[in-house]
Amino acid sequence: MVVRSILLFIVAAVAEIGGAWLVWQGVREQRGLAWIGAGVIALGLYGFVATLQPDAHFGRILAAYGGIFVAGSLLWGMAFDGFRPDRADIVGALVCLAGVGVIMYAPRAH
């Protein structure tokens, strides 16, 4: 279940971060409505993918996903925008990912 959850977080991150990047490109880089439309579709897909997580608690899923979003956004910037994170960016992303692990995968009494 953990592997499935992690894979779903990755798919959600690609959809949300990719969608936001497409909208950014369409508006800020003036690439046009097709880019914006593709971004809106990807953002909608992100919302759907989150519902596939095995945990039933919306707040927990979205809170944990926030950490994935932070780290994924830095990686996306590196891959597609030439961004180079500094030490503080990397440490911050690692703290967020540790938070994801605690929120999603810590043992709980049910």
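Cβ coordinates are placed from backbone N, Cα and C, and glycine is handled just like the others.
Noted in Swiss-Prot for the protein shown:
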| type | residues | note |
| --- | --- | --- |
| TRANSMEM | 6-26 | transmembrane segment |
| TRANSMEM | 32-52 | transmembrane segment |
| TRANSMEM | 61-81 | transmembrane segment |
| TRANSMEM | 90-110 | transmembrane segment |
Which of 32-52, 61-81, 90-110 contacts the transmembrane segment (6-26) most, counting Cβ pairs under 8 Å: 32-52
Contact set, same chain, for the transmembrane segment (32-52): CB under 8 Å, 6 or more residues outside the stretch: 8, 11-12, 15-16, 18-26, 61-62, 65
